[in-house]
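Annotated features, as they stand in TrEMBL:
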- 12-34: transmembrane segment (TRANSMEM)
- 12-387: domain 'Major facilitator superfamily (MFS) profile' (DOMAIN)
- 54-71: transmembrane segment (TRANSMEM)
- 78-101: transmembrane segment (TRANSMEM)
- 107-128: transmembrane segment (TRANSMEM)
- 135-154: transmembrane segment (TRANSMEM)
- 166-186: transmembrane segment (TRANSMEM)
- 207-224: transmembrane segment (TRANSMEM)
- 244-263: transmembrane segment (TRANSMEM)
- 270-290: transmembrane segment (TRANSMEM)
- 296-317: transmembrane segment (TRANSMEM)
- 329-351: transmembrane segment (TRANSMEM)
- 363-384: transmembrane segment (TRANSMEM)
Amino acid sequence: MKSRLTRKEMLPLVGMTVSAFIFNTSEFMPIGLLTDIAKSFSISESKAGMLITVYSWIVMLLSLPLILLVSKIDFRKLFMGTIALFGICQIMSVLAPSYGVLMASRIGVACTHAIFWSIASPVAIRLVNEEHRSFALSMVVTGTSIATIAGLPLGRLVGQYMGWRVTFLIVGIIAFAVLVYMAFVFPKIASGEQFHVKDLPALLKNPVLICLYVQTILFVLGYYTVYSYIEPFMQQVAKLQNNVITIVLLIFGAMGLLGSYLFSKLYDRYRFAFIGTVMATLLVWLLLLLPASKSLATMVILCAFWGITAMAFNVTTQSEVIRSVDEKGSAVATAIYSGLFNLGIGGGSWIGGIVCDKGAISYIGFVGAVFAVISVLFFAFVLLRKLRQSVN
């Protein structure tokens, strides 16, 4: 029978979960604020969308080199420094007098993001006894996924009534609150056996890990081609009012909790079928986006099911990546995963921006569905076989 988590274990784990939430909330806030940011600086929505694209490319390019650079620093100092810089960059965003300064501050946040997500899971499992490691990982992964889903509607809700700068300010305040909290409860923990550049070839020869990386890129490309511009789609195509859009996005986020619940109940028993269902349902939702825009009811229903799929994918793939490597390589494997995930985000938002600039936003769901089709085929004919071989 498992022992209960001690107070010493639980307190820093709560801080890690909140940190995971604010990092991903910060990443996706601009999606729900694109229109307001564009108006504030008198720029197009596609140019404002570059805040998402550039952020994603920075994380993609710097995740691996940054984690190798700071790997000798003990986790406590590294975590505290990362949170502090994150908070400072959020305040820079609040005070940004121009689009260029806002972009610079977002690049700073992206650098802290790259480091944080490289160490989040390895730190979490070191905060607890071995018997509680799966619980620690689930807290961080679920916190991450909830932020990914709920960050957009929450950021939009605040931005709609108080302005987009206030949204960034609130995230910055929470970051500094977490910094103070963790200063009291975060224990000093060693970084463990250091991962060296010479170890990379062996890691990259892991067939399951490589296939998971490819699957992630394909899925995320399809997803974010559409999701990055879901706000203007609902405004221009579905003809929804601002307050209604906020409610729809909140429903999207709330249904993500159901995706997490389904993962906890079904994944262990129906692992391969669960992953396949997640891949297939994204394709269905993207194909139905334009038809669903004809009425509010169908739009709400589609976004609700889409939210379930999004959460399930995030929890599943992060769990699979950690599962596929040993403890020594977990931080680097996660860093590469984070970088590639953001490659998909950046590529998707860039492609979506092109679609919008061409005046074809109505068909953005079909463009995203092209990548979703490839994702389904890759899972069915490549990843599924590798996963089964790893079990056998």
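Backbone N, Cα and C atoms are what each Cβ position is placed from, and that goes for glycine too.
Since the structure is predicted, the reported quantities are computational estimates derived from the model, not experimental observations.
Counted over residue pairs 6 or more apart, the CB atoms of the transmembrane segment (244-263) and the transmembrane segment (296-317) come under 8 Å in at least three pairs, which marks the two as touching. The stretches the transmembrane segment (363-384) and the transmembrane segment (107-128) are not in mutual contact, being linked by fewer than three Cβ pairs under 8 Å (pairs 6 or more apart in sequence).
Contact check: the transmembrane segment (78-101) against the transmembrane segment (270-290) gives fewer than three Cβ pairs closer than 8 Å, residues 6 or more apart, which falls short of the contact criterion.
Panel annotation: around the transmembrane segment (270-290), residues 215, 219, 222-223, 226, 233, 237, 263, 302, 305-306, 308-309, 312-313, 316, 320, 362-366, 368-369, 372-373, 375-376, 379-380, 383-384, 387-388 of the same chain, lying at least six beyond its termini, place a Cβ under 8 Å from a Cβ of the stretch. Cβ atoms under 8 Å from those of the transmembrane segment (207-224) belong to residues 279, 282-283, 286, 310, 313, 317, 320-321, 324-325, 333, 336-337, 340-341, 343-345, 347-349, 351-352, 368-372, 374-375, 378-379, 382-383, 386-387, 389-390 of the same chain, restricted to positions at least 6 beyond its ends. Counting only same-chain residues 6+ beyond the ends of the transmembrane segment (329-351), those with a CB under 8 A from a CB of the stretch are 49, 52-64, 66-68, 71, 113-114, 117-122, 125, 195, 199-200, 203, 209, 212-213, 216-229, 317-318, 321-322, 367-368, 371.
By number of Cβ pairs under 8 Å, the transmembrane segment (135-154) is matched best by 12-34 from the list 12-34, 107-128, 296-317.
Residues 141-142, 144-146, 148-149, 212, 215-216, 219, 223, 227, 234, 238, 240, 244, 248-249, 251-260, 262-263, 267, 274-275, 278-279, 281-282, 285, 288-289, 337 of the same chain lie 6 or more positions beyond the ends of the transmembrane segment (296-317) yet place their CB under 8 Å from a CB of it.
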